[in-house]
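J.: I am attaching a structure below and will ask some questions about it afterwards.
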Amino acid sequence: MDVESSPSQLAAESSVDWRGRPCHPRRHGGMRAAVFVLVFQSAQTMALAAVGSNLITFVFGELHFPLSEAANVVTNFVGTVFILSPLGGFLSDSYTGCFWTLLAFAAVELAGVILLSVQAHLPQLKSAPCNMLTMVGSCERASGFKATIFFVALYLVALGSGCVMPNMTAYGGDQFAGAADKRLSTYFNLSYFGFCIGELVALTVIVWAQIRYGMDVGFGLAAAAVGIGMISLVSGVLFYRNKPPRGSIFTPIARVFVAAFTKRKQICPSGSSNPANGAAGDPASRVDNFRHANKFRFLDKACIRVAPEPDTAPESKWRLCTTAEVQQAKTLLAVMPIVACTIVFNTVLAQLQTFSVQQGSVMDTRLSSSSSFAIPPASLQAIPYAMLLLLVPAYELLLVPLARRLTGTRSGITPLQRIGVGLAVVALSMASAALVERRRRDAAVSGDGERLSVLWLVPQFLIFGVSELFTNVGLMEFFYKQASAAGTTMQAFFMALFYCSFSFGFFLSSVLVSLVNRATARGGGRHGWLGDNDLNKDRLDLFYWVLAVLSVLNFFCYLLCARWYNSGAGGGDEASSGEVVSEDDDDGKGLI
């Protein structure tokens, strides 16, 4: 999107240093400032992954929740983390700013992780020891005070990390000069590289410590990671470029809907005479070639100026809105279908963090028949991130230059194209998981005592890693650029939409598990596909096939939504044809 009126430049000029003074281009911002945020992001990712990746083992093995209920505890926790991200984005954009939001909620997360570590360390705060698979011992589910301590700690972590997530990505992006900055795409690749490092360390070193020395040690290491991240964040305070909050970000959007409803009987002009397509006297509020000019036309009525009667006051802000406010509301509505199309993708991620971990726990975890080293099942989730540490630099250094020559787009392929590739690949991950689970189950119930090697799970994690590289980085870049290109002050909130798709995906996972169990339950009190605590009795392979089919259907829905999103830039045919209008117009054109 070609932003001629420079809302990004205005945003850069309004940025201030830690004392509230105007920023100096050579002293503030840039990659030097972003490095401190990247370290904070890696540490925070490490802490959250350390809590969430092996949480099902703690809930199932030490608090003695049934397997399906333990899986739902994990998915509900992760879903809550991500659904709280809009709260963090709202507070940051409206009132507190990114830096103070990050610092305050990182402290909340730290308190929660410390409380989890205390519970994991003290026997009186856990259930009595027993083996949930063989039911040897007193397998009493944690309840009362023990359950209260657990859920308070868990949701302190959810509140803290949820409000931190959108702001750490947006704050790093704020260190650059808007959507047109050529370093922004590289920053998002580096951001995801740092995310992979945090995930990899958590899923190998910290998970190993949890298994070897206990969950209390693992949670303690997660707390240390949060502390290190906070130190890094504070260390860069002299170099940051800060965007001052400007009041509630929802008030202008609410004004647009109220004004449009109030003037619903007005006839909105078309073409260049439409007041919502540009404000000649207000260059700060004008975005040329606005992609969504011909969408949501009912909102354009909020810009219609009604001739006042003699001796009457001018129209209020709740009856007459600016072009920028209408374009901001339209942009927010336009990205919603893209968010919806990533929900199934994150439902697949939920399975890899829950049921796939349990798959590994009933497989042969030795590297070979003669090896004494056993692979922790939760560490299987590290496979895609280990691969991504190689793929992200390869993508940036090799694929992007090649694609740039072929497409003429500065980022190689556009964010929407990148998302589409990821959504197309994810179905293969579930197909691989279904085939492996069928083979594992057949071997387990054959009666010969043979257990399939845990290495058979590697393909499903590898395929998902490739899908994640394209989908998640594409989403981060897409949402940040939409907020910047439309001239909004909602970067953190738009990034929260990216994390909301995670939340909805994990909640959908819980709903699917319950629905599948109910739909497949048979008479005589027999359970459904996922109703037993024993995977050898469950039909996890069929559940994976359901997700594979849903992923294929979701991909075709995404193609339709992306075509609609790309249509009508500036009212012309350029976006629809897939051509890049200018060097900077690379935010999603040409998917179809």
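The backbone N, Cα and C atoms fix where each Cβ goes, and this holds for glycine too.
When I checked TrEMBL for this same protein, it listed these features:
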REGION    1-22  region 'Disordered'
COMPBIAS  1-12  compositional bias 'Polar residues'
TRANSMEM  34-61  transmembrane segment
TRANSMEM  73-91  transmembrane segment
TRANSMEM  98-122  transmembrane segment
TRANSMEM  142-165  transmembrane segment
TRANSMEM  186-211  transmembrane segment
TRANSMEM  217-240  transmembrane segment
TRANSMEM  332-352  transmembrane segment
TRANSMEM  382-403  transmembrane segment
TRANSMEM  415-436  transmembrane segment
TRANSMEM  456-480  transmembrane segment
TRANSMEM  492-516  transmembrane segment
TRANSMEM  542-561  transmembrane segment
REGION    570-592  region 'Disordered'
COMPBIAS  581-592  compositional bias 'Acidic residues'
J.: With Cβ-Cβ distances below 8 Å as the criterion, list the same-chain residues six or more beyond the ends of the transmembrane segment (98-122) that contact it, or say none.
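T.: Result: 18, 40, 44, 47-48, 51, 58, 62, 88, 91-92, 146, 149-150, 152-164, 167-168, 170-171, 174, 214-216, 218-220, 222-223, 226-227, 229-230, 233-234, 237, 240, 242-243, 492.
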J.: Are the transmembrane segment (382-403) and the transmembrane segment (186-211) near each other by the rule of at least 3 C-beta pairs under 8 angstroms (pairs 6 or more apart)?
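T.: Taking Cβ pairs at least 6 residues apart, the transmembrane segment (382-403) and the transmembrane segment (186-211) are in contact, with 3 or more under 8 Å.
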J.: Counting Cβ pairs under 8 Å that sit 6 or more residues apart, are there three or more between the transmembrane segment (332-352) and the transmembrane segment (492-516)?
T.: yes
J.: Can at least 3 Cβ pairs under 8 A be found between the transmembrane segment (73-91) and the transmembrane segment (492-516), with each pair 6 or more apart in sequence?
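T.: Yes, since the transmembrane segment (73-91) and the transmembrane segment (492-516) share at least 3 Cβ pairs closer than 8 Å, they count as touching.
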J.: Counting only CB pairs under 8 A, let me know which of 34-61, 142-165, 382-403, 415-436, 456-480 has the most with the transmembrane segment (492-516).
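T.: It is 456-480, which has the most Cβ pairs under 8 Å.
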J.: Give me the stretch from 142-165, 382-403, 456-480, 542-561 with the greatest number of Cβ pairs under 8 Å to the transmembrane segment (415-436).
T.: 456-480
J.: Could you pull out which residues elsewhere in the chain have a CB under 8 Å from any CB of the transmembrane segment (142-165), counting only those six or more residues past its ends?
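T.: Hits for the transmembrane segment (142-165): 44, 47-48, 51, 63-65, 77, 80-85, 87-88, 91, 101-102, 105-113, 115-116, 119, 125-127, 495-496, 499.
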J.: Do any residues, 6 or more residues outside the transmembrane segment (382-403), come within under 8 Å Cβ-to-Cβ of it, and if so which ones?
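T.: Residues 185-186, 189, 192-193, 196-197, 199-200, 203-204, 207, 409, 411-413, 458, 461-462, 464-466, 468-469, 473.
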